[in-house]
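Undergrad: Input: one structure, supplied below.
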Protein chains: 2
Amino acid sequence: MTTPVIAIHGGAGTISRNSLTAEEEARYHEALAAIVGAGQAVLNAGGSALEAVTEAVRLLEDCPLFNAGHGAVYTSEGKHELDACVMSGADLASGAVACVTNVRNPVLAARAVMEKSEHVLLVGAGAEAFAARNGVATVGPEYFHTDARHEQWLRVRGQSRAMLDHDAASFVFAHKDAPAGVAEKAPIDPDNKFGTVGAVALDRFGNLAAATSTGGITNKQPGRVGDSPLIGAGCYANNATAAVSATGTGEAFMRTVACHDVGARMAYAGNTLEQAAQAVVFQQLPKVGGRGGLIALDAQGNLALPFNTEGMYRAYGRGELAPVTAIYAAQA
Amino acid sequence: MTTPVIAIHGGAGTISRNSLTAEEEARYHEALAAIVGAGQAVLNAGGSALEAVTEAVRLLEDCPLFNAGHGAVYTSEGKHELDACVMSGADLASGAVACVTNVRNPVLAARAVMEKSEHVLLVGAGAEAFAARNGVATVGPEYFHTDARHEQWLRVRGQSRAMLDHDAASFVFAHKDAPAGVAEKAPIDPDNKFGTVGAVALDRFGNLAAATSTGGITNKQPGRVGDSPLIGAGCYANNATAAVSATGTGEAFMRTVACHDVGARMAYAGNTLEQAAQAVVFQQLPKVGGRGGLIALDAQGNLALPFNTEGMYRAYGRGELAPVTAIYAAQA
């Protein structure tokens, strides 16, 4: 039987100019380790890759440190529009939702679309109605609120920026559950973070799966859909090649069909997983100004976590081994 | 200078069991010839491939014979939700809209997203607001109505079908502008037609472009988005490989990222355009139950128009040569 593997990411971006204490960084490492550990537990108990990536992304959505679910960024109208996607490498079954505003865990809605509809992508009110009909938990808009994201939106809105491509002031992130007055800085500058979360997994049966979820970009135009919920752009899984989840400047990943391109280079050019992932992140994406990274895993358990930004929140775990977490390049 | 080429499609599907008169078929051939001729005129006057595919798809949207724009199918709620996409092969610039209900020509909204926003895909009310702000003509829902599509919806709804995969009764199509009492049958059974329109073009400068537009599938769930507006799934253009526009069971084209796969097979496997297009339509798509076809054009002017259904409305024109139109396989 195959040794199960899971990897996750929590977004890529530039590093804040302000130096951080080890304690501040530790919060991110702890969250990543706990979530990848939960995914490992699913796999080690005999769960499928599909179940593991769904659970890992659900936990990433629930964690306010990451831009998905609770803790998602604000649109230009001061709302939250969430996107998610899940794909099974065994049969290319796929489900996705985009522009949903009241689904607590968009990845669970995506899973429901995959398993309970004849469609792949549902958007907006239609997606919300489908989710509610299929027992996916809904919440009011206040659920997605975090003081930190709201302040980030007010700051970005004041600068009339939607796409963020330069360094910004340091960011103080207040935990929802933190005692009053306790805040922390984020290692990766949130104003320059391409906030997406994702997971890829290989189960003991040799099946791959991938999932991606996002709140999009701060101050985004209502109705903007990025790469995250799109098969081939921000999420892809095929047992014959790889499971891939991306994070970055979404439009560039859409134009290059980045995640499918990783698989295509393996299938048709004979690239290894590492070669294919590197080519997409360091050659293809930069041609259209694409910044970010991706996590990729093949059916032999090979893993590639390349990014062309200064950092990418990421972690992986193999079998029963302790999770490995990293933020900056040197730690990879 | 390159000899310009343009090809268009108006959907694929099964052939109605009822035999048709030559006169009935002629209406489709005439519409296809007129529209591809208009695209040729753009190219022959020095227009770009992007301009030619936009104009051809705009005319296909305006023609009530095809399922896009005026003449689009009805959702399960008795409304119209339209999707479109456009992509430039020179720089991979892309624009798309999905689930718009009041944009007269969705392809023009997609073009505006490409040229006047920093995004690639806008959906729903956000897309409509963007279109209106950018001077794209809007219309009331009655604009999209045709008696034929409405009757088709009532018939399909009565059978509780959304995805259509078997033969159905013959279809009498009433032209909006036809004298009272004059109706015609459609050569391809509209109840089993995968209604999409699209165009691919090569201009005298050697640039490729593709565009796709659809009303989706009759009686579809609100919020359902198919492959048409998604880069790589139902539309793709890259000067290095091909311009591709697809029509068929959208979900299968999404799961196989069909249009990008044509390009990937050319780029990485060394396939010719014909080999790549045939592999996708006759090998890859059938693995996930995919039915339909695509039109593909490379920068050398090679053209492939494969489909795995009984027919696909299609046409092409090279330089100043008369347009060639076809519906069934034997006429290809």
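Glycine too: its Cβ is placed from the backbone N, Cα and C atoms.
What TrEMBL records for B:THR196 is active site, nucleophile. Among the features that TrEMBL reports, substrate binding site is placed at B:ARG224, B:VAL225, B:GLY226, B:ASP227, B:THR247, B:GLY248, B:THR249, B:GLY250.
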Undergrad: What span in Å does the substrate site cover, taken as the longest CA to CA distance among B:ARG224, B:VAL225, B:GLY226, B:ASP227, B:THR247, B:GLY248, B:THR249, B:GLY250?
TA: 16
Undergrad: Can you tell me the three-state DSSP label for B:ASP227 (substrate binding site)?
TA: coil
Undergrad: Just going by other Cβ atoms within 10 Å, which of the recorded positions B:THR196, B:THR247, B:THR249 has the emptiest spot?
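TA: Selected from the recorded positions B:THR196, B:THR247, B:THR249 on minimum Cβ neighbours within 10 Å: B:THR249.
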Undergrad: Can you list which of the binding-site residues B:ARG224, B:VAL225, B:THR247 come closer than 8 Å to chain A, going by CB to CB distance?
TA: B:ARG224, B:VAL225
Undergrad: So how many other Cβ atoms are close to B:GLY226 (substrate binding site), meaning within 10 Å of its Cβ?
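TA: Neighbour count, Cβ to Cβ under the 10 Å cut-off: 29.
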Undergrad: Using the structure shown, find which entry in B:GLY248, B:GLY250 (the binding-site residues) has the sparsest Cβ neighbourhood within 10 Å.
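TA: Among the binding-site residues B:GLY248, B:GLY250, the sparsest Cβ neighbourhood within 10 Å belongs to B:GLY248.
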Undergrad: Within the chain of B:ARG224 (substrate binding site), which residues six or more apart in sequence place their C-beta under 8 angstroms from its C-beta?
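TA: B:THR75, B:GLU81, B:GLY216, B:ILE217 - these are the non-local Cβ neighbours of B:ARG224 (substrate binding site), listed in sequence order.
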Undergrad: Give me the Cα-Cα distance between B:GLY226 (substrate binding site) and the residue listed as 'active site, nucleophile', rounded to a whole Å.
TA: 10
Undergrad: What is the interatomic distance between the Cα atoms of B:ASP227 (substrate binding site) and the residue listed as 'active site, nucleophile', given in whole Å?
TA: 10
Undergrad: I'm trying to understand the geometry here, so how far is the Cα atom of B:THR249 (substrate binding site) from the Cα atom of B:THR196 (active site, nucleophile), in Å to the nearest whole number?
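TA: Cα-Cα distance, B:THR249 (substrate binding site) to B:THR196 (active site, nucleophile): 10 Å.
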Undergrad: Express the distance between the Cα positions of B:GLY248 (substrate binding site) and B:THR196 (active site, nucleophile) as a whole number of Å.
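TA: The separation of the Cα atoms works out to 8 Å.
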